[in-house]
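For reference, the structure discussed in these notes is given below.
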Amino acid sequence: MFSIQQPLLVFSDLDGTLLDSHSYDWQPAAPWLTRLREANVPVILCSSKTSAEMLYLQKTLGLQGLPLIAENGAVIQLAEQWQEIDGFPRIISGISHGEISLVLNTLREKEHFKFTTFDDVDDATIAEWTGLSRSQAALTQLHEASVTLIWRDSDERMAQFTARLNELGLQFMQGARFWHVLDASAGKDQAANWIIATYQQLSGKRPTTLGLGDGPNDAPLLEVMDYAVIVKGLNREGVHLHDEDPARVWRTQREGPEGWREGLDHFFSAR
């Protein structure tokens, strides 16, 4: 049992979870965002998006100043009041976007894997793929420690590609719509654990944690949460956790922000 009155952190994925996968609407979640803000409960966004995209969304959602996890955990944007922490305002895990791009270009040229990265196209194309405005699409290209791509080869070649990346110290991660390449040392779980430890160090008490996500790349995050909401999503693979004790994990019947609201209702409204 837990409540929003105790030390609590909420970690949330964006697309398909807090945001509608198609319209990017978040209004069904607005009442809970307001309630959490009024209770001084940090809502920490955690996504494959770039920090530039997420800072814009943070402001839109009324969450500015809080930490966030970008690029599937490869980037941690620190809270505004954490200026004394080394690396402020952002901590980068592993090798840079530019270095990963060089590896991918070499694999494509020498081993003929077929894929299209966000670096290969302009913001108009990304806007068409995603439904974002061109100005928002431009923010998706500001990667610091990962590469986003569309896979255009066979499943067999994907297995070979994944193995080659692993040999080179990289990982290949599936998101709700796209695939992501990042350093093997990075992850949403590691980033979340770092943020949890920082809050614990500052307050003297470990906060209870609740995570919400809808895609396979959210599983590592949800595994390290005390409580988890698996929002019904579009991805055919779904989300599968090692510990799916119903006292800890709730699978929603609704999608997107309505599922987000359903998950919060489940864990808090009856308590």
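The backbone N, Cα and C atoms fix where each Cβ goes, glycine too.
As recorded in Swiss-Prot, the features of this protein are as follows:
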- D13: active site, nucleophile (ACT_SITE)
- D13, D15, D214: Mg(2+) binding site (BINDING)
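Structural mapping of features recorded in Swiss-Prot.
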residue : record                   : Cβ within 10 Å
D13     : active site, nucleophile : 31
D15     : Mg(2+) binding site      : 23
D214    : Mg(2+) binding site      : 28
Practice problem: For the recorded Mg(2+) site, enumerate neighbouring residues of the same chain (Cβ within 8 Å of the Cβ centroid of D13, D15, D214, site residues themselves excluded), in sequence order. | Solution: L14, G16, T17, L18, L19, S21, S47, A176, G213, G215, D218, V231, G233
Quiz item: Roughly how many Å separate the Cα of the residue listed as 'active site, nucleophile' from that of D214 (Mg(2+) binding site), to the nearest whole number?
Solution: 8
Self-check item: In three-state DSSP terms, the structure that D15 (Mg(2+) binding site) belongs to
Solution: strand
